[in-house]
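Accompanying notes for the structure given below.
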């Protein structure tokens, strides 16, 4: 064997011993079991629930794969039973696709809007809740210490917010007028202005045709001037000149009769009928009706009663205007009848 061959054999022996030694070190370090190599799992996709809720990000499922067009068999006459469609299929998702829980359905949106508008609290009346009488308050309503909450959540027709104290009695007319919508007027209520006008004209006709001629006879007037053309001639003179009061009742064309007291008595009767029939309710303006429940105790009653007295004064002026118009008609027609 040559020297070159021996050197090559020695080098291979050294390399083999080093490989064996390295293999022993590696085996002792990791044990006798074989090593298990695996890939790391992929990181989960983090979706922002806030973006999906406010509508900045819409996560839509991938569209279903459409089958390739192929010749379909001829449809039969019998219709196969259709499978019930789920709510996710009707909402636009495929039959096998689960909807994203971050996207609200239409029903959830409606429930959210009802909760915002407090529809559930306002739609329930005390009669529909067990254990509550019509005069009790629904415990599910928020406390009405806030004036704005008192306007948004009324507690009945004549109910008051908690904490009203002794001032609740003074707010009764105002709260009733603000919380209760005015009922539609009845037939008698619609005819009341006509009843007032007819009553005034009947009173005027009674004094013109009966009471004034009687007073004229008692003052020494002629009988011919109390009926027929004589009566109308005396009333027609009021259209041409004013009555003369000089020289006593002899020159008085139309006698003075106690018309004022009869008119006042008739006004009291008519207004009493309105009050006892419940036709004197007033409806304050919108802004005033909202402010009345929150005013100090004396003011609501004063304001509501003041509005009622203003209504009575308006009716009094209407009746007085009807009397003046009726008197003008009598003077006008008397000129035609006397001629």
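Keep in mind that glycine also has a Cβ here, set from the backbone N, Cα and C atoms.
Unlike curated records, TrEMBL annotations are generated automatically.
As the structure is a computational prediction, the values presented were derived from the model and not from experiment.
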Per TrEMBL, the range holding transmembrane segment, considering 172-190, 191-209, 210-228: 191-209
Candidate ranges 301-319, 320-338 [criterion: TrEMBL lists as transmembrane segment]: 320-338
